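*Asks:* This is the structure, below, for whatever I ask next.
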Amino acid sequence: MAASMGGSCLVLLCLVFPVVLLAGAAHGHPWGGLFPQFYDHSCPQAKEIVRSVVAQAVARETRMAASLVRLHFHDCFVQGCDASLLLDNSSSIVSEKGSNPNSNSARGFEVIDEIKVALETDCPGTVSCADILALAARDSTVLVGGPYWDVPLGRRDSLGASIQGSNNDIPAPNNTLPTIVTKFRSQGLDVVDVVALSGAHTIGLSRCTSFRQRLYNQSGNGMADATLDASYAAHLRQGCPRSGGDDNLFPLDFVSPARFDNFYFKNLLVGKGLLNSDEVLLTRSPETAALVKAYADDVDLFFQHFAQSMVKMGNISPLTGAQGEIRKNCRRLNGNHY
């Protein structure tokens, strides 16, 4: 993918929009009708309830922070940020949980359930599951050392799901960089968002099946990916054989897998990114490579851009006003008890 402008220029452009602006404009509602104070009167304890349950979950298992961030991402890329991902199979719903990106992979649903029960007790029928996902992603990021941002709120929950959209629209670990960029652009996100949001891989784990190809047969010639550091590849092969071990887990950032920092980008610079979709950010485009280098050099810049991109992603096609519903149980539509 040819660079449309110099990467350094992109970085400078983004500096024009500092994170502090995210906290403002509450009354102008620049996020399509969403605003951080949406529940201040109808459910004033909402944010604290979410934060408390997420904190307990992350204390029990640090990995849960990454899992909750990922749920928000996988929800927003399919039909917008509408909690469609949370719906279980029913007589009328084919759940997105069964899609290729989510099956045996997406997790943390029980934490969302726990949050919803607490909110329904405090203020019934008020806080949407879609907003719970957005808040949980922010709180998870902060709890493991990442940036804080004000979360625009007021999303409503979908009345359906799209397993086809889940299979087709979520970027995959083996996608080419142009494909990844196209999937982001179709959601109204740009190249800066691609690189900044990929930085969420500074936390969490990935399955062997997601990167095995890089270890044994990257280009169909029986050879490992030449952009993968040889010693790192040898280490990975010990736990990710040619066959079997599909669900064996490896940290996406082997240096500090439980802390939200910029080592993900530093790892890419030395050929130690885990997924193909990670390493191509450095090797396939001067535009994305410049951002990788900028974030590796400046963690504050990465944090700033990540926060901005999370707000942008959280504003993908939200249901507002009278659209959708406020689910009482995030796993099923109101009135649907199957």
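We count from 1, first residue shown onward.
Using the three backbone atoms N, Cα and C, a Cβ is placed for every residue, glycine included.
Predicted automatically and left uncurated, TrEMBL annotations should be read as such.
Features from TrEMBL:
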ACT_SITE  His74  active site, proton acceptor
BINDING   Asp75, Val78, Gly80, Asp82, Ser84, Glu96  Ca(2+) 1 binding site
BINDING   Pro171  substrate binding site
BINDING   His201  heme b binding site
BINDING   Thr202, Asp253, Asp261  Ca(2+) 2 binding site
DISULFID  Cys43-Cys123  disulfide bond
DISULFID  Cys76-Cys81  disulfide bond
DISULFID  Cys129-Cys330  disulfide bond
DISULFID  Cys208-Cys240  disulfide bond
DOMAIN    33-334  domain 'Plant heme peroxidase family profile'
SIGNAL    1-28  signal peptide
SITE      Arg70  site 'Transition state stabilizer'
*Asks:* Can you tell which of the recorded positions His74, Pro171, Asp261 lies nearest to Cys123 (disulfide bond) in space, using Cα positions?
*Replies:* His74
*Asks:* Which one is it: of the recorded positions Cys76, Val78, Cys129, Cys208, which Cβ has the fewest other Cβ atoms within 10 Å in this structure?
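*Replies:* Sparsest of the recorded positions Cys76, Val78, Cys129, Cys208 by Cβ contacts within 10 Å: Cys208.
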*Asks:* From the Cα of Cys43 (disulfide bond) across to the Cα of Val78 (Ca(2+) 1 binding site), what is the distance in angstrom?
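*Replies:* Spelling it out, the Cα of Val78 (Ca(2+) 1 binding site) and the Cα of Cys43 (disulfide bond) are 28 Å apart.
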*Asks:* What's the number of neighbouring CB atoms sitting within 10 A of the CB on Cys240 (disulfide bond)?
*Replies:* 23
*Asks:* Distance check, please: Cα of His74 (active site, proton acceptor) against Cα of Glu96 (Ca(2+) 1 binding site), rounded to an integer number of angstrom.
*Replies:* 9
*Asks:* On a C-alpha basis, identify the one among Arg70, Cys208, Cys240, Cys330 that is nearest to Asp82 (Ca(2+) 1 binding site); the candidates are the recorded positions.
*Replies:* Cys330
*Asks:* Looking at the recorded positions listed here (Cys76, Cys81, Cys129, His201, Cys330), whose Cα lies nearest to that of Cys43 (disulfide bond)?
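*Replies:* Given the candidates Cys76, Cys81, Cys129, His201, Cys330, the nearest one is Cys129.
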*Asks:* Measure from the Cα of Asp261 (Ca(2+) 2 binding site) to the Cα of every one of the recorded positions His201, Cys208, Cys330, then give the nearest.
*Replies:* His201
*Asks:* What are the other residues, in sequence order, whose C-beta lies within 8 angstroms of the center of the C-beta atoms of Asp75, Val78, Gly80, Asp82, Ser84, Glu96 at the Ca(2+) 1 site?
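*Replies:* Result: His74, Cys76, Phe77, Gln79, Cys81, Ala83, Leu85, Ser158, Ala161, Ser162, Gly165, Ser166.
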